[in-house]
C-alpha cells in the first residue's frame, strides 16, 4: 500500500527529569496515565494526527531525557523542530529555575533560523499534587517569566487528571503550524508509540 502524504510538525518537550514530560505526552496521545513509567533514556516520540482548519497533519512529539548526560543527544533530536515545549513541576523551584538553561540549550542545539520568534510554550505540571498545597512556584511568577521571553503561552496542567492537557497541545499544534517551515514527508501508515508522565494547563494566548 502506498504511503500517505501528510504534513509533519515536530514538537520537542524539554525539562528536568521527573516533571512529567512523558506523562503529558502519553495523556495527550493515548488518554492514559501511569505511575509506572521509567525514566526516558535518550529520547522517544509519539505521533498523533490532528485536524486544523480543514487540514490534516501529523504531530510528532519528542520526549527527551531530563538527565544532563543525555543532553549531548540534542543536536540530532532538536533540529527541525517546529515548536519547543518547556515543562516544569509547580512543586519544584529547581525545575522552574532550570527553564532558562533548557531554553538556551534548545536554541543552541536546534539553531532555528529565527530564534527571536521561535515558538515556545511553557507548561507548569503536577498542579494536582497534594491539592495544590505543595506548590512553590506561583502562577504569577510563571507568567512573569513568560512575559520576559516574549509573552509565550503558559498552561498549568495535570497529566494525571488530564486537566488542560488537550488545550495545551491544541495551542502547541497551532504554534507549530505558524512557525512556517512545514516539512512535507511521506510517512508509512504505521505509527510509533512511546512513553508517558504527569501534567495540567491554563490559558493560551495563541
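Quick reminder: no glycine exception, Cβ is built from N, Cα and C everywhere.
Ranges compared are 37-45, 46-54, 55-63, 64-72, and Swiss-Prot records motif 'Effector region' for 37-45. For the recorded site, residue 158 (GTP binding site), the DSSP three-state label reads strand. Counted over every protein chain shown, other Cβ atoms within 10 Å are most numerous around 15 among the binding-site residues 15, 18. Of the listed binding-site residues, namely 21, 126, the sparsest Cβ surroundings within 10 Å are found at 126. In the structure shown, across all protein chains, 63 is the one of the binding-site residues 63, 158 with the greatest number of other Cβ atoms within 10 Å.
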